[in-house]
Amino acid sequence: MQSATMEFDTIAAISTPPGEGAISIVRLSGEQAVAIANKVYRSGTKDLAKVPTHTIHYGHIVDPQNDQLIDEVMLSVMRAPKTFTREDVVEINCHGGIVVVNQLLQLLLREGARMAEPGEFTKRAFLNGRMDLSQAEAVMDLIRAKTDKAMNVALNQLDGNLSTLIRSLRQEILNTLAQVEVNIDYPEYDDVEELTTKLLLEKAEFVKAQIQQLLTTAKQGKILREGLSTAIIGRPNVGKSSLLNHLLREEKAIVTDIAGTTRDVIEEYVNVRGVPLKLIDTAGIRETEDIVERIGVERSRKALADSDLILLVLNQSEELTEEDRQLLEATKGLKRVILLNKMDLPTKLDPNELQELVPAEEILSVSVLSNTGLDQLEAKIADLFFGGQTGEKDATYISNTRHIALLDQAALSLQEVINGIEAGMPVDLVQIDMTRCWDYLGEIVGDSVQDELITQLFSQFCLGK
């Protein structure tokens, strides 16, 4: 854990991705941010210590030890408290690349800044009260969002919608606990115990219902945040790789007429109507003597077991094979979409035989080669998991595994309250579980959380954020 001095010294980091580009940004935050920048900044007689806040300035970065020119820059000065970290912040826009930006960073470190740890700028925003813990976590969700729907969910959480709901539930519990304490301390009336247990029961049932309603969004929220693990399966050479390439809109998998050309599991993300699909193009699942191909087949079996959705591709220009039947049987009961590919060719597959094997499922006929029927596939995927609606902009979704676990614990605590009251337990014992629920909800927004957890959460962020 960092020392108090280390937590609030002046930090610096590169805030843009490494590599070539037009612009790179180096960020400073802390009490000495402006003073350190002033040591290396040159622009006539301009003194950064005297410029107004939230202004940008043209100039040069120069090594003060030897007057060597480092770069031509635009430098922003933003003074506390109206900054991302609520500290003095300086952002230096220099030319992109690796050498220039690293020389600039090393110069700032030499002049008194400390290299920021991953996520430390956002951690300071949290510690300084600019955002709560759930909002801070939404920053990383926003950075990692793979679709506009996932972005909307993250923005919603960053804007404080989840925080507002959690805090309102905590306030409901706090008000109830306060009333219970008053009733316990001043039992002037004969029916005070009955009134107290009634109050506890009503509030526990109300808050639990609110939490359970929130938890109903968890599955969709996690899909939007992490992606829907989708395995494309089928016997060799039915068009799995062609389907992957179509969905990706680019050539990622080898497409040939030779069975077994996909030797491994290929993973790619794709946006299907707002649903982030983690597409897994598997090697054909078949018996093989080829050692390398056999490894791919085993990985395919594992990918199949771990998938949220299966796209099972059959070739309708050929009769059903024993391998097709085995795949249909192996995926029975799982969320799947059955695709009859190569509809542009003469049909040899017996539809009656297939209907007997999957009597209650919709089967989509497509031609990946001619791009026919694939809009229906995308609509089917969105409908399977979101009823056609994905990540509405103003909706609050629970997508974070930590939040889901804490809400589950909070709901269990409230159930213990209800069970205790129904069993006739004393009020002072029942309210312990109510207090425990209040604590669990507090961990979501960071009101009651250990320093070690905070350090762990922010260590998952990228440098410079």
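Keep in mind that glycine also has a Cβ here, set from the backbone N, Cα and C atoms.
Fair warning: this is a prediction, and the values are worked out from it, not measured in the lab.
Summarising the annotation, Swiss-Prot assigns (6S)-5-formyl-5,6,7,8-tetrahydrofolate binding site to Arg27, Glu91, Arg130, Lys465. Arg130 ((6S)-5-formyl-5,6,7,8-tetrahydrofolate binding site) is surrounded by 18 other CB atoms, counting those within 10 A of its CB over all protein chains shown. Secondary structure from DSSP puts Arg130 ((6S)-5-formyl-5,6,7,8-tetrahydrofolate binding site) in coil.
What Swiss-Prot lists as domain 'TrmE-type G' is 227-386.
Summarising the annotation, Swiss-Prot assigns GTP binding site to 237-242, 256-262, 281-284.
Taken from Swiss-Prot, the feature K(+) binding site applies to Asn237, Thr256, Ile258, Thr261, supported by sequence analysis.
The Mg(2+) binding site annotation in Swiss-Prot covers Ser241, Thr262. Ser241 (Mg(2+) binding site) counts 23 other C-beta atoms within 10 Å of its own C-beta, drawing on all protein chains shown.
Checking each of the binding-site residues Arg27, Glu91, Arg130, Lys465 against Ser241 (Mg(2+) binding site) by C-alpha distance, the shortest gap belongs to Lys465. Closest by Cα distance to Lys240 (GTP binding site), from the binding-site residues Arg27, Glu91, Lys465, is Lys465. The record assigns Arg27, Glu91, Arg130, Lys465 to the (6S)-5-formyl-5,6,7,8-tetrahydrofolate binding site, and the maximum Cα to Cα distance across that set is 19 Å. A strand conformation is recorded for Arg27 ((6S)-5-formyl-5,6,7,8-tetrahydrofolate binding site) in the three-state DSSP classification.
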